[in-house]
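**Q** Can you keep this structure in mind? I'll have questions shortly.
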Ligand SMILES: Nc1nc2c(c(=O)[nH]1)N[C@@H](CN(C=O)c1ccc(C(=O)N[C@@H](CCC(=O)O)C(=O)O)cc1)CN2
């Protein structure tokens, strides 16, 4: 593989480490001023292996950042009412500044109902309609972690975004829509593309900033990328890797990296790009929630 001489590989792992250090410094200030550490509760229902690893990493990184971690692992048979009761207890617990319910939830639980049960002031995922509305209307609030991390990575290579053409592929409430709102707030000209978009390759070729969040392995080909564009790959897809041995898998993004790296000005790899930013931004949001709830001012890292 030959990388274009000027292509910058955006190291999300290193950026996330730096962000977690800054959050840890601010969390220590918070503790010194308030007498308690910011607290983050993470709830997992069921035993999905990937979710279980994410929750373990969240709890571990919360503790490493000097915050209090409250981990709740519930069996897959937990009823919706039991989960809502736990959320109500966490809402009422003053030691808990942030609440995250790991997704996906088992099919018998209405995820939207659970999201709406979380106190918006503790909604560190930024998924509650109150926080989505605040983002849309330009009010301060909690912003979904993955798009916030993407914006930080974009700004690390291009601080001035006003007037740039941004194309976001994917319209989920978790990534696509909030990502588009964040880029709009930076005065980009934003297009949200999706499965019904006509001539997607041509739409993508307009983009100075191309964010792929579709969940389809390597869908975005190299010739969809405008030369010099910033390419942010949100996809995390496990695909068979027979070259590594029988039954082995490997992670790929939504972008055909080997092709896109030839044309992009900057690109995130998978793994090691956007993924690590999700948990780093979760810690950042937990700190932000603690600050907003208590009025204790410490230096919360921003995009
Ligand atoms: N309540 C939520 N649920 C889920 C979210 C979320 O933000 N809130 N996001 C995803 C999963 N996720 C965190 O929960 C997550 C995904 C990926 C990574 C990450 O670091 N990825 C690595 C690769 C890891 C691997 O080998 O599998 C990378 O891309 O380098 C962190 C967090 C769904 N659920």
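Cβ atoms here come from the backbone N, Cα and C positions, even for glycine.
Features from TrEMBL:
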type: BINDING; residues: 170, 171, 172, 236; note: NADP(+) binding site
type: DOMAIN; residues: 10-125; note: domain 'Tetrahydrofolate dehydrogenase/cyclohydrolase catalytic'
type: DOMAIN; residues: 144-291; note: domain 'Tetrahydrofolate dehydrogenase/cyclohydrolase NAD(P)-binding'
**Q** How would DSSP class residue 170 (NADP(+) binding site) in three states?
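**A** DSSP assigns residue 170 (NADP(+) binding site) to coil.
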**Q** Which binding-site residues, if any, among 170, 171, 172 have a Cβ under 6 Å from ligand 1, given in order along the chain?
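**A** Cβ under 6 Å from ligand 1: none.
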**Q** So for residue 170 (NADP(+) binding site), how many other CB atoms are inside 10 Å of its CB?
**A** 23
**Q** Across the listed NADP(+)-binding residues, 170, 171, 172, 236, what is the farthest Cα to Cα distance, given in whole Å?
**A** 16
**Q** Looking only at the domain 'Tetrahydrofolate dehydrogenase/cyclohydrolase NAD(P)-binding' (144-291), what is the mean pLDDT?
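**A** Here the predicted model's pLDDT, averaged over the domain 'Tetrahydrofolate dehydrogenase/cyclohydrolase NAD(P)-binding' (144-291), is 98.
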**Q** Give me the non-local Cβ neighbours of residue 236 (NADP(+) binding site): same chain, 6+ apart in sequence, Cβ-Cβ under 8 Å, ordered along the sequence.
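**A** Set apart from residue 236 (NADP(+) binding site) by at least 6 residues yet with Cβ under 8 Å, we have 251, 253, 270, 271, 275.
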